[in-house]
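To start, the structure itself, in structure tokens.
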Amino acid sequence: FLGAGKPPLYGDYEAQRHWQEVTYNLPVRQWYFNTSDNNLLYWGLDYPPLTAYHSFVCAYIAKLINPDWIALHTSRGYESQPHKLFMRTTVFVADLLIYIPAVILYCFSLKETSTKKKASILEGSIALCILLYPGLILIDHGHFQYPLSLGFALWAVLCLSYDWDLLGSMAFCLALNYKQMELYHSLPFFCYLLGKCFKKGLKGKGLVLLIKIAATVVLSFAVCWLPFCTDMEQIMQVLRRLFPIDRGLFEACMDKVANIWCSLSILIKIKNVMSPQTQLKLSFAVTFLSLLPTCVKLTVRPSLRGFKFALVSCALSFFLFSFQVHEKSILLVSLPVCLILNEIPFMATWLLLVSTFSMLPLLLKDGLLLPYTVTMLAFLSICVASFSILEKTSVEDLQLKPLSLSLKGYISWFKPFPKIIRSLFLLSVALMGVLSVTSAAAHPPQRLPDLFPVCVSVISCLHFLMFLVYFNIILLWDSKNSKSQKKIS
């Protein structure tokens, strides 16, 4: 794992272990404060309270097995095979209890018009593809990043698909209180539920539903934050840890995050020409503008299908344009993409492959080249075998029929479109393969030590921009041409 045996920080493995040490040995009021027993510069807690509670539960079990694993101060940098096994087991148990059941139930909740036998095969294929998505496997077990926030978010989507709006709201609050990056998904949840309330009428059932949802959200947050609500200083300190504005638009970007700011920094040194406050305002403005069309559409025309597509579009906007993005944040885009694998298997598979490829520099630092190669090839093979993705490239399969009808007579390339998009996909896969091999085997020029990570970052960023445009087209043209679509069908 990354940082193993390398002081002073040792890596993400040590981060998770240290949080267990802190939460078990210190009172709650000291968890987020810098003290002699809790040096925030050494893996200080920077996730919401639910992560801290989870660390405490893991620490309690660790204490029963071997107290040395979480002994205050003396356990710093502790590494042993039994402890590694324990840590990996905690990740697997989190998968088993929260994430995997949500995936399986979601797949079996998909309503298919085909026969029961065909439907069960399709549901099984979708579940297999989602569970074998390389990005989550590699990050979960390579970085000890527990999948609880993604699991809770998936439970929330599942609840909303059954119109269990209050349970869905509570599940998403748990996701948000486990990792603040779930803000990537927050606006689609908000707009979809608000749109449902408007649809029911804000003078009747809609108002009652809105009050119930608001009460559920407030109560869920209150329960999660209760130990930190003793005074305002506690609350503000936790918020400062969750949103470190002073760090600027992005950190050193040693691993070259595949978003717009890191890609632009190659040409323009944004951090040198703007203050952190100006960077924050710029980031907020661009992110908000890119989100606005999707959110307005979802509020005006709430639908479960639109909600799932909006989750992808909004998460992509956040990843590309928001403040302090980490490479691993692409997983927040990947989860909703997994949910639409059955609807647009070609584009979903492509995006999931690129999302894993975008983390290549990080994965190589972890020594995960072999797992990366095996899981990528396995995932691609299963998607090709299960969904015949190379045959699903027509305008109808990619849900671009409304756009083609709008531009009929103006653009002539829609006829050869399937061949064009297939060729682009094959070129993209070949490019990712070549860059993966080159990054792992070749040495960059001395004058350009970051050449390969920069190439991975920029190429991935260009892909993500293309996907953002694509998903916005689906959402917006579907809204504009809903009447014509009904006539066509």
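Cβ from N, Cα, C; glycine included.
Note that this is a predicted model, so its numbers are computed, not measured.
What TrEMBL says about this one:
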type	residues	note
TRANSMEM	85-108	transmembrane segment
TRANSMEM	120-139	transmembrane segment
TRANSMEM	151-176	transmembrane segment
TRANSMEM	206-228	transmembrane segment
TRANSMEM	306-323	transmembrane segment
TRANSMEM	330-357	transmembrane segment
TRANSMEM	369-390	transmembrane segment
TRANSMEM	424-445	transmembrane segment
TRANSMEM	451-477	transmembrane segment
Seg_contact(the transmembrane segment (306-323), the transmembrane segment (451-477)) with at least 3 CB pairs under 8 angstroms, min sep 6: yes
Contact call for the transmembrane segment (369-390) against the transmembrane segment (120-139), three or more Cβ pairs under 8 Å: yes
Cβ-based contact of the transmembrane segment (451-477) with the transmembrane segment (330-357), 3 or more pairs under 8 Å: yes
Cβ-Cβ under 8 Å with the transmembrane segment (206-228): same-chain residues at least 6 beyond its ends: 28, 32, 48-50, 165-166, 169-170, 173-174, 177, 193-194, 196-200, 234-235, 238
Residues of the parent chain within Cβ reach of the transmembrane segment (330-357), under 8 Å, 6 or more residues beyond its termini: 103, 106, 110, 122, 126, 129-130, 133-136, 138-139, 150, 153-154, 157, 181-182, 184-185, 258, 305, 308-309, 311-312, 315-316, 318-319, 372, 375-376, 379-380, 383, 386-387, 389-390, 392-393, 397-399, 421, 425, 428-429, 432, 435-436, 456, 460, 463-464, 467, 470
Long-range neighbours of the transmembrane segment (151-176), counting only residues six or more past its ends (CB under 8 A): 48, 50, 94-95, 98-99, 102-103, 105-106, 109, 182-183, 185-186, 189, 192-193, 196, 209, 212-213, 216-217, 220-221, 224, 304, 307-308, 311, 335-336, 339
